[in-house]
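One structure is given below, encoded as structure tokens.
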């Protein structure tokens, strides 16, 4: 231990490796062992018992402290952009804007994650408070809060299911469009795929259900009559639309005062970065060669919830409130607040063993690897008792 009882970086890395080994997880995180697909030898109740009870406690004051922290940072970056950048000489002036965009985009992604917690009732013990905070924060980022809350809840209820999962549902080879093999088999095609996915993926999903599960008719997050929602949810979908329209009108008024390009620089580009991070984080959480998917003959909730992977985003783990490196625990206990998720993750690793997946591959390396290797899913080879199992793995062979 270092001075004052604090671990050095090397000591911390050694401890993490020993924890992964104890849990049956590969320490050389570039090659994660495939997750087991047999029914786990533990129950959700046994996993919960391994977690200290206080990890399930939600504090209004503590949750709001993260909102205040992020909004103060966001305001400071905005002040920097409006007051300081214009005073810089030209070469530095143009270089400073990208720094603002990246910093503001990352902090606002943290705000997005807090609103996401509200949708899971992980912000406080009061559902109405959660919904008010979530509606305000998500609307400010042009997200239809209730619309996404309900579709995302169904994602959590059906994770890993080829028929019923809501987002990043992988396709079977037979239904891929004709151009897929040309896009996935060369670097330019893969780069183009990523660019489209990270810039247009989020609005296309909200508006047209792109990458979502198929519905019998047109599905849209802005449509109160969309097949995504039940009759009792439709009024709240309308409220979400009002929230987005109100925020959009406020942005329009600001644009008339300060100019369109002012709005693009100050708000538009950071929002694009938020949307890109959101898509990338979700994609990497659920897309990995080690993760199985199941059809209806094999799927169950616990195995589906375990079909996700924790990633390491470095310092951004904290900026994103650890949604990146505690996602397995989040899928098991989605009402747990993010500030307890790291402690809970450490507690459940020994229970989960090989069912826990972590990949420490640098994020951008992982992004290009996954888009290359995870093109479609195919059924697992072999059978049990003469019956083919409904387990599917990613593949990229054409």
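Quick reminder: no glycine exception, Cβ is built from N, Cα and C everywhere.
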Annotated stretch (transmembrane segment, per TrEMBL) among the listed ranges 188-208, 209-229, 293-313: 188-208
Region 'Disordered' range according to TrEMBL, out of 1-38, 39-76: 1-38
Feature contact check the transmembrane segment (188-208) with the transmembrane segment (94-115), CB under 8 Å, 3 or more pairs: no
Stretch of maximal Cβ-Cβ contact with the transmembrane segment (127-148) [cut-off: under 8 Å; candidates 64-82, 188-208, 235-252]: 235-252
Cβ-Cβ under 8 Å with the transmembrane segment (64-82): same-chain residues at least 6 beyond its ends: 97, 100, 103-104, 107-108, 110-111, 114, 133, 137, 265-266, 321, 338-339
Rounded mean pLDDT for the residues that make up the domain 'Fatty acid desaturase N-terminal' (18-73): 83
